[in-house]
Ligand code: ADP
Ligand code: ZN
C-alpha cells in the first residue's frame, strides 16, 4: 500500500460523525479485506466499474448492477435486498458502494432500509460522487413520476476515496465532476475558484486530491449545519434549478447533469452581471472557466431557453408565480433570491 499525501476530514452531521479519507493508489485487496474483518461485507458496483476493477473485487461478494440511472429502481433495490438476505447479512454487517452516484444512491438506500439500517461504506469512483453524492447522506431510488422520489437521509460510516480510480473514468464523466467543483468555488470559496480559473486543466488534474478535499470540507460544513436540507444546504443547489430544467426538457438524453449545472451556473453569472452584482470581467472569467473544463455555457438552441425555463416553474412547485433561486452575491458567495418567470426571462434577455 503506497501512501501519498493522505487527507482526512470529519463530517459532523447531527445524525452521525464519520471520516472522509482521500489519497492516491491506496485502496487494494487488503484494504477491502480489512473492511471485512469481524463482519460480512457485500459490495455493490456497476458493470463498467466491475470491468475495470474485476481483480480488485475477486473473492468478495459483489452485486453488479447495469450502469446508468435506470438502475436506481425498485427492481434493482429488491434484487439487492434479496442478495443480502441470501448472504445472511445482519445489522452488524455492511454494504460497500463501489462506483459512481448511481451505485452510491442505490446501495445507500438499500443499506438504510435493510433491517432498518446496516453498515454503509462509500468508495466513490467518479469525480462527481467524490465531491458530491458520496458525502452528506442523501440516498434514493427513482420512481416513474420522478427522480429520487423514494429515499432517506442515511449517512455512511466512512467514505474512502482513491483518486487513482479516476484514471479509468471517461473524460465526459470527469467534466461532470468539474461542474460541481466550479460550483463549490462560486458558492463558498473564492480562492478555489481562482485556482480553477488560473491553472491549466492538466495542473488541476494533478492537484485533484486536494481540490476534492476542499469541496468535501465545504460539503461537510454545510451538511453539519443543515443535514436535512431545510436551509443552508440549499446553496449546494446553485445552478441546479436551471440545470434540472435543461436536463428534463431534453428528457435526460441531450445534456448530462454536469452540462445542466454548467449551463445553470453560466445563466446565474449572466443574471448577476445584468443585475450589476458582478462586473463583465468577472462574468467572462466564470464562463471561460466553465468552458475550459469542456462544459457548455448555453444550450445548443438558445432561442429555446424561455421554453426550457418553464420547467423551473414545474420543478419548484412555485408559490404563485414566485420561486426561489440561489443567486451569486460575488464570486465565492451566494444568497437566496425570489423571481417570477417573467422577471427571470426578462433579466436574461
Ligand atoms: P455519477 O456521475 O453520478 O457518479 P454514475 O454512477 O452513473 O454517475 O457513473 C457515471 C459513469 O461512469 C457510469 O457509466 C459508470 O459505470 C462509470 N464509472 C464510474 N466510475 C468509473 C471509473 N472509475 N472508471 C470508469 N468508469 C467509471
Ligand atoms: Zn449536482
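Cβ coordinates are placed from backbone N, Cα and C, and glycine is handled just like the others.
According to TrEMBL, the features are:
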type	residues	note
BINDING	101, 102, 103, 104, 105, 125, 126, 138, 147, 165, 166, 167, 168	NAD(+) binding site
BINDING	180, 240, 257	Zn(2+) binding site
DOMAIN	63-175	domain '3-dehydroquinate synthase N-terminal'
DOMAIN	177-318	domain '3-dehydroquinate synthase C-terminal'
Distance from residue 166 (NAD(+) binding site) back to residue 257 (Zn(2+) binding site), taken between C-alpha atoms, in Å: 18
Which listed residue (126, 168) has most other Cβ within 10 Å, given these are binding-site residues: 126
Fewest other Cβ within 10 angstroms of its own Cβ, chosen from the binding-site residues 147, 240, 257: 147
Between residue 105 (NAD(+) binding site) and residue 180 (Zn(2+) binding site), the C-alpha gap once rounded to whole angstrom: 17
Where the C-beta lies under 6 angstroms from ligand 1, the matching binding-site residues among 105, 168, 240: 168
Most Cβ neighbours inside 10 Å, all chains, among the binding-site residues 103, 166: 103
Counts of helix, strand and coil residues, the domain '3-dehydroquinate synthase C-terminal' (177-318), according to DSSP: 106 helix, 0 strand, 36 coil
Chain-internal residues near residue 180 (Zn(2+) binding site), provided their CB is under 8 angstroms and they sit 6+ positions away: 128, 131, 132, 215, 258, 261
Residues close to Zn(2+) site centre defined by 180, 240, 257, Cβ within 8 Å: 128, 132, 176, 179, 183, 239, 243, 258, 260, 261
Where residue 147 (NAD(+) binding site) falls in three-state DSSP terms: strand
Cβ packing number for residue 101 (NAD(+) binding site), 10 Å threshold: 22
Spatially closest candidate among 101, 126, 168, the listed binding-site residues, to residue 240 (Zn(2+) binding site) (Cα to Cα): 101
